[in-house]
Each structure stands twice: as structure tokens, then as C-alpha cells.
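Below is one structure, written out as C-alpha cells, with a few remarks after it.
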Amino acid sequence: MTMRSPLTNDHPQPLRASPLSEHDDEIQIRLDDSRYRSFPPPRRVVQRNTPAPIQLQDFEFPKQSHDIPGHYPMIDEIYPDVHPYRTSEDGFVSLTNGDNMAQNKRASRSRPWMQNLQTQDRIQRYKKRRPATKWMKWMNSDWKNHIVAVIGELIGTSLFLFFGYAGIEVAKLQGREPPDLEVLFYISATFGASLMVTAWIFFRISGGLFNPAVTLALAILKAVSPIRAFLLVITQLGASCLAAILVQEIFPKQLDVATTLGSGTSMGQGFVIEAITTAALIFTIIMLAVEKHKATFVAPIGIGLALFVAHMVAVPFTGASLNPARSFGPSAIVWNFPREHWIYWVGPILGAGLAVLFFRLIKLMEYEMANPGQDGDPENDPTQNPELDVAQNAHEREEEVLGLSNGKSWYRDDSSSGSMRRKESVNSFTGGRRSMDRRGDIFRRLDDVEAQWRRQQYRNVV
């Protein structure tokens, strides 16, 4: 009879747990069902690693699953990413700790079957694609938002100027010029309605600016970042050229929508008209759209009406640009820039500066306190919402004035009991809805209480 070595045995011995355990039968069922039994060891392979049987005292068996009562998780369920046990050549199960893993990596270079054994099941486990990390980062990046805003501004500005240019072409079909009141009203209504509709559509995407002067004003107010402002200005100029090309190619009449000075209008007069009308338009945008209030969602109506009124005044004298992009497109596609073209750039930019300056002035003077409650919006009313910055500033000023009038310095140590009591009283007061005229009485009473407390402390010390 020929003796066979354990290394050349076609049928390896079944997996056996350690005889030291009291649960050999329960664990043996799981070991016999393990998928690693489907990978028999190769023949005539020299065993380089010393096999180590399972020692249950070094292995903490996991708890039962909550989904299936009485179910013990398999080896793959315990360690889904790392195979903790390998079937050695002689039928034992070896523990794959850090040293054995390093040995297996070295051994896999000379034994390809071992590398396949380590990766075959792992490939099946990773059939489901991992999340696209780069795509997720891109979706959360600022540049993605800039691109969305640029696309919205491109389409919105193109539509706004397309309808405006087309309205001018329709108004001039009978050969009459803007001094005609009907033509003047038609052009003004077309531009005003076009801005109202397109701004209402795109203000949630890009802000619905459609005007480099408006973009500059919002950048000064830090309502738009400098990078986005630059991208939007370039987009608005390109959209004006696109709108002019569409009107020129679609309508049979020759394109005649360029802005020029009216007869008898000097450059200085045209410059002032453009600056004033643009300032009125931008200030309307700031107060209705930038300054949030109860009626912000209907701001496009007021903005469109402001443009309509400005066109009614400025069209006979300057053509009513109020927008550098509106004058740039028709002149750029035919490459014909008149001598007074600078007016339609410098005038609106100056108007934007005037609007921002006036807004900063009234904001510094806290215009909210001049006539509060006009919107019927308690959240933006400083007399009803003490959480507003304006209301808190008023509290601090009044408290400081009352403290100085009583001969006490407001700039005291915060660790003093009087200062802490004052802060607690102010916090309790700001949580209520009391009227503004009662603040003086409240703080005056607090000062009296603090004075009495200090006198009592002095008497105790003496």
C-alpha cells in the first residue's frame, strides 16, 4: 500500500475547531458551511507558513443578529473587507493577523492561487460601484454654482434684450421715430414688461441682474462675490451680442436698435440723464430685492415699472440705455461705436455708485427706525423684533446714554455683579415684545437697583 502525504491528499480533512471549546458542535456547523471549503489546497505545494488552529480564547464570537433570531454571523459577515481565516494546506484554519497577512502577501507572489483566493470573493462583494467622490465634491463646489448662475444669466439676459430689441423693431415698422408718443410708450412698455418677466423667472437662479451696472452695485454691497460678478458681466455682454444677432437674423427689417443721442442733446446732458435714470433703477432693485422684506417676491413688478418710467423719460434724448450691455451688443455685431458710446458706460456706472452711496447713507442712519411697521412684517420691524441688529443697536445706545447720565461708566468689568445683572435684564427684556418707549424706565430702574446693591456692599465692608 502506498502512503500518501497530507500535502497530496485530494480530500482535505474537515475544518475542526479547538478541542478546548465547549461549543465545538455549534461552531463546527458554521465552519463546515463556510465558503472557504470550496477552495481545496493545491497538490505538491510546500507549506511555508506554520498553520495555527483556531483558539477560541483569543477569539470573541459576535452577538446574534437582530434580524434573524438564533443566527450566528458567518466569517464573511464579521469581517466583510478582510478574510480573517484561511484554509491551509493540511486542512487547518489559520488566523490571519497582521504577521500572517504580510506573509500571505509575500507568499502570493510565488503562489498565484493564494492571491486569487484572497480576491475572488472580494470582487463579488464590490460589484456595486463606490460613490463618485469627485462628482460629489464638484456638486458641492462654488464653481458649479458659478456655472449655473452664468447659464441662467446668459439665457435670461438674451431673452430680456431679445424682446426689447424686437419691440423697437416693431415700433419702427411704420417709419415713425420715438418722439411719437405711441412709439415711445410701446418701446417703454416692451422693455419694462420684458425685464419684469425675465427677472421674475431667473432671480432664483442667477439673481436676474441682466445689467453690468446692477452687478457692480451688488458687488460693492457684497451681495455678489467678485468672481461671480466678473463672470456675470462677461456673460451679460455676450448675451447682448447674441440677442442682437438673433433679432438681425430673424426679423426681415434691418437692425436699428443702437442707442444714440437725440437731436439737440449734448453729451453732458445725455451723461446726466443716463446717470440719474440708472441710479433710480438700481436703487429700486436694492430696496425691493436686496433688502429682504415681506414683499420681496413681487420685487420684479416694481423693478419692471421703474425701467418703464425711466424709458418714458430718457428714450427721446439718449435712447434709454441704463445698461452697458444693452448698448454694447448692437454696436459690437456691426462694429460701429459712435463717438458718444462712452456715455452708456460711464453714465450707468456712475448711477450705480450714486445708488449705493445713497443706500449706505440711509442704512447708516437706520432708516428702519424712521417709519417702522409700514410693511406689516413683524420679523423686519425693529420695534417688534428685538433680534434685529437695528433694535440691538438702539438698546445699546439708550443704555449707554442712561448710564452716562447717572454718572456711571458703561465700559466696566464684565465680571462685576452689576454688569452681569444688567446683561441678564437686557436678555430678559429682548425676549419680550415691549414698546420702545418703555426701555428708558426699565433701564432706569435697573440702575437704581444696582446703586442700592453697591451701597449695601459698601456698608458691609465698613
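Using the three backbone atoms N, Cα and C, a Cβ is placed for every residue, glycine included.
The annotation compositional bias 'Polar residues' is assigned in Swiss-Prot to 1-11.
Annotated region 'Disordered' per Swiss-Prot: 1-24 (among others), in sequence order.
Here the topological domain 'Cytoplasmic' (1-146) has a mean pLDDT of 53 out of 100. The topological domain 'Cytoplasmic' annotation in Swiss-Prot covers 1-146 (among others) and rests on a curator's inference.
Under the heading transmembrane segment, Swiss-Prot lists 147-167 (among others).
For 168-182 (among others), the entry in Swiss-Prot reads topological domain 'Extracellular', with the evidence type a curator's inference.
Per Swiss-Prot, the feature transmembrane segment maps to 183-203 (among others); the stated evidence is sequence analysis.
When Cβ-Cβ distances below 8 Å are used as the criterion, the topological domain 'Cytoplasmic' (204-229) is approached by residues 142, 146, 148-153, 156-157, 160-161, 195, 198, 236-237, 239, 278, 281-282, 285-286, 290, 300, 322-326, 348-349, 351-353, 355-356, 359 of the same chain, each at least six residues removed from its ends. Here Swiss-Prot flags 204-229 (among others) as topological domain 'Cytoplasmic'.
Annotation source Swiss-Prot lists transmembrane segment at 230-250 (among others), citing sequence analysis. A Cβ distance under 8 Å defines the sequence-distant neighbours of the transmembrane segment (230-250), meaning residues of its chain 6+ beyond its ends; these are 146, 149-150, 153-162, 165-166, 169, 206, 209-212, 215-216, 224, 257, 324-326, 328-330, 332-333.
Among the features that Swiss-Prot reports, topological domain 'Extracellular' is placed at 251-269 (among others). A Cβ distance under 8 Å defines the sequence-distant neighbours of the topological domain 'Extracellular' (251-269), meaning residues of its chain 6+ beyond its ends; these are 164-166, 168-169, 172-173, 179, 244, 316-321, 326-327, 330-331, 333-334, 336, 338, 340, 343-344.
Sequence-remote contacts of a segment are chain residues at least 6 beyond its ends whose Cβ falls under 8 Å from one of its Cβ atoms, and for the transmembrane segment (270-290) they are 203, 213-214, 217-218, 221, 223, 261, 296, 299, 302-303, 306-307, 309-310, 313-314, 317-318, 320-323, 340, 343-344, 346-348, 350-352, 354-356, 358-359. Feature annotation from Swiss-Prot assigns transmembrane segment to 270-290 (among others); the stated evidence is sequence analysis.
The topological domain 'Cytoplasmic' annotation in Swiss-Prot covers 291-296 (among others).
Sequence annotations record features per position, and here Swiss-Prot assigns transmembrane segment to 297-317 (among others) based on sequence analysis.
Taken from Swiss-Prot, the feature topological domain 'Extracellular' applies to 318-341 (among others), supported by a curator's inference.
Annotated transmembrane segment per Swiss-Prot: 342-362 (among others), in sequence order, evidence recorded as sequence analysis.
According to Swiss-Prot, the topological domain 'Cytoplasmic' annotation covers 363-462 (among others).
Look at Swiss-Prot and you will find 407-433 (among others) tagged as region 'Disordered'.
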The topological domain 'Cytoplasmic' (204-229): DSSP-derived helix, strand, coil residue counts: 13 helix, 0 strand, 13 coil
Remote residues contacting the transmembrane segment (297-317) - C-beta distance under 8 A, at least 6 residues beyond either end: 178-179, 184-185, 187-189, 191-193, 195-197, 199-200, 203, 208, 261-262, 265, 269-270, 273-274, 277-278, 280-281, 284-285, 288-289
